[in-house]
Amino acid sequence: MLDFLKRFFGSSQERTLKKFQKLVDKVNLYDEMLAPLSDEELRNKTVELKKRYQEGESLDDMLPEAYAVVKNVCRRLTGTPVEVSGYHQNWDMVPYDVQILGAIAMHKGFITEMQTGEGKTLTAVMPLYLNALTGKPVHLVTVNDYLAQRDCEWVGSILRWLGLTTGVLIAGSPLEKRKEIYRCDVVYGTASEFGFDYLRDNSIATSVDEQVGRGFYFAIIDEVDSILIDEARTPLIISGPGEKHNPVYFELKDKVAGLVQLQRELCNQLALEARRGLELYLDMDILPKDKKVVEGISEFCRSLWLVSKGMPLNRVLRRVREHPDLRAMIDKWDIYYHAEQNKEESIEQLSQLYIIVDEHNNDFELTDRGMQQWVDKAGGSAEDFVMMDMGHEYSLIDSDESLSPTDKINRKIAVSEEDTQRKARAHGLRQLLRAQLLMERDVDYIVRDDQIIIIDEHTGRPQPGRRFSEGLHQAIEAKEHVTIRKESQTFATVTLQNFFRLYEKLAGMTGTAITESKEFKEIYNLYVLQVPTFKTCLRIDHNDEFYMTEREKYHAIVNEIARVHKEGNPILIGTESVEVSEKLSRILKQNRIDHTVLNAKNHAQEAEIIAAAGKLGAVTVATNMAGRGTDIKLDEEAVVVGGLHVIGTSRHQSRRIDRQLRGRCARLGDPGAAKFFLSFEDRLMRLFASPKLNALIRHFRPPEGEAMSDPMFNKLIETAQKRVEARNYTIRKHTLEYDDVMNKQRQTIYAFRNEIIRSEDVFPLAKEAIYHVSLMIASLITSRNHPTGHSLPNLEEWMNYSFPIKLNLDELRKLTTLDAIAEQVAEDLIEVFQNKFSSMVEEITTAAGDDVDAKGICRDIIRSVMIMHIDEQWKIHLVDMDLLRSEVGLRTVGQKDPLIEFKHESFLLFESLVRDIRIAIVKHLFRLELTMTREQRPQNVIPVVATSFQNDENFGPMELTVISDADDDE
């Protein structure tokens, strides 16, 4: 029935395209009407459209005419030289109907899927122009600085011709330059530049003059799937150096390396014994049928299963797994030990190891034997694995009658410090083990100039300046024997998911989005529209070729390269890591095939390498760097011989990455071909392939070196990829659910901070803080539920110590309710503060004269105090939230939902944060004293130093400079 309705009414995509096509026809009609206009008259259309918008006409109504204006300008500029990245090239683009269709979809808030070479960059100009007519902020977000600069210079020339201003955000631009850029009608930049400016404006800027952004109205995200999905779990973090080094990484790195080496030696021994035993039974090609022999072989396979849990990449294990029957036996043991009834036997087997490595979930676990080895031989401590029960410890202290109240407090402080040290040591130990067992050099990171540089797993690009969080970066530095730098402290953070939700309107464009349409809809409320191609794609997509072993696969790849290279086709070979690209490069050198390598180690030559990749006979080996955002243009000779030939050395866990690699060839009607080579040793195949696939290869194993190639295998691979994508989507959605809690708190704090910065008079905000603090303290200390009881003297003592002020207890005793007492205390505090404020104004006026705005100076002092304590307490809160997030998962043991627990406890933490901010602000305001000096100063400069009363160590001095017109004698 559903299929019948689709055939009758058309799919949702078809109906949307049909509706937008009517608007395309209107655009073309307006384009003809604009043809007779002079250049000046066409430019004036921008002024006219802006005026019409201000008078109430909607953007939707103006869309056909505005898009026609852009199209007409493109036609008029044909042949005009444009400088792009230092080179001159003639403008030669006029939007096709399919590009106009895509532009309409972007304005309507769609993600447009347009194939490589279909002109996404030009398509974006039309919605950018239309939305910039509002005068509100309009941004185009790219994946790197180069593309932002290129697009601004190239297609931005259309916008500038029409009288709009354009700017490009480049990393490292100074404050004043960035403010000027944000004032432009259209701003180009990377997601991180826009995101970090948002964080700086809301966490570092202390005045309106230091804030650069002007809001979030409309954004188009280029390569939207990369930014909103691949990078969604990577938060933007502004951080600074921590207060001190964690000595754990120095102390434990050699001990951890020794424990991992013991594990490696144990697994090597088990694997070698199993291989020798197997060689006695069979020639590794034909499995015997004798039952006793098979049982013996099965026992050796059990040992290899154990090796797979200790060192999954063991060479002997990988060699044995090339035999389909032996692979099946090892997998059979895996299934056997996963059964609930065999759990105890599984634990007994795994107890032989020191560490259990879970490659599938990228995790590990120390066994009892590993812990014992750590204590007995590695010089570790049993306390490294035991956390203190703080409730029990505090209870013991409270019940110890021999301790005085002061001793109990000191003992609790000591216990708390010991608990903190134990947790830090245990955390450092775990991160050192993670670095040794799960983080691979030239896969997850590279080592350069005494530094660890992260490699982006999706793009293959180096990420200098980024660091793994939670001490993992220091652990890798210890592993690789480079300088171990201080752990960073987070000042501000936001995920890209929540940052882009700030925009009133959001759109995107990419060549690969339809496979993630569900996630775009559920997370961002964005629909995906597949835009038809202008020219038919001529790419030949060959079936994947499957080989039993990695060795056979590489042999086949080299043969394919040699064959295609002989015909003259340019070849692009895509690899999944730096390690694989270098390995393949060595093989090609041995076979005397000239080639160029592009990976994270030589990314500086990217533009030069890509420019030559489309030439006749070129061979380029590249990581995922060449899979997205790169446009390989063919020379005429390469087109004649059949275009670019793309070879994939493995399938990525995401289908989109594979589609991006295929999309490098056959752009805009050019010829091209793509083929992927896989082996059953590839990570995707080992961890996520269907059991059906293993059964098939057991029955249909081809001769050595011969490929298996069939659409059925392609389907099975796609199923494995879907399984991984579903798992990753669940992880991203789960992460977002937690970050949504943090996001609400972030927005509340940032709103309060901005209110302080932008308010001309912060005095009412200070009074409000004083009011809340006095209510809270008075209610707490005078409460009958409080341990001190209903005690006004206690209240007086606390107020005198904290602020300090003296209360009129006789007046308070006349009041009969706690609310009345709290209100009276609040009024008294506010009155004292008003008097203090007036005194400060008088002091400054006396010192600097009437020409100085003394009230303004005092307001600036109050503003600085308030912002300082918001920032300090927020940093502490971020640490507390991280700790809560890492610990809350353990609540599942008590049959509790971690997310609900996180929401509940984070709310309590936030209440505590607000309380601590108010108390810190009020304490500081009441302890302020002004010091006026003129010694060794220019005649008209008077420093005003606001210091804390009684030299409180929590509040340092702040100095403001007052420029006075008065002479020195006044």
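In case you wondered, yes, glycine gets a Cβ from its N, Cα and C as well.
Quick look at what Swiss-Prot lists:
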type    : residues                                              : note
BINDING : GLN99, GLY117, GLU118, GLY119, LYS120, THR121, ASP631 : ATP binding site
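Features as recorded by Swiss-Prot, highlighted on the structure.
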residue: GLN99; record: ATP binding site; DSSP class: helix
residue: GLY117; record: ATP binding site; DSSP class: coil
residue: ASP631; record: ATP binding site; DSSP class: coil
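Summary of the ATP site environment: with the site residues GLN99, GLY117, GLU118, GLY119, LYS120, THR121, ASP631 set aside, the chain residues having Cβ atoms within 8 Å of the Cβ mean position are MET114, THR116, LEU122, THR123. Residues near GLN99 (ATP binding site) in space but far in sequence (CB under 8 A, at least 6 apart, same chain), listed by position: GLU118, GLY119, LEU122, THR123, PHE534. Around LYS120 (ATP binding site), the same-chain residues six or more apart in sequence whose CB sits under 8 Å from its CB are GLY102, THR112, MET114, ASP222, MET509, THR510, GLY511, listed in sequence order.
Here the binding-site residues are GLU118, ASP631, and the one whose Cβ sees the fewest other Cβ atoms within 10 Å is ASP631. Of all Cβ atoms in the protein chains displayed, 18 besides its own lie within 10 Å of the Cβ of THR121 (ATP binding site).
In sequence order, ASP631, ARG667, LEU668, ASP670 are the residues near GLY117 (ATP binding site), counting only same-chain partners six or more apart with C-beta under 8 A. There are 17 other Cβ atoms within 10 Å of the Cβ belonging to GLY119 (ATP binding site).
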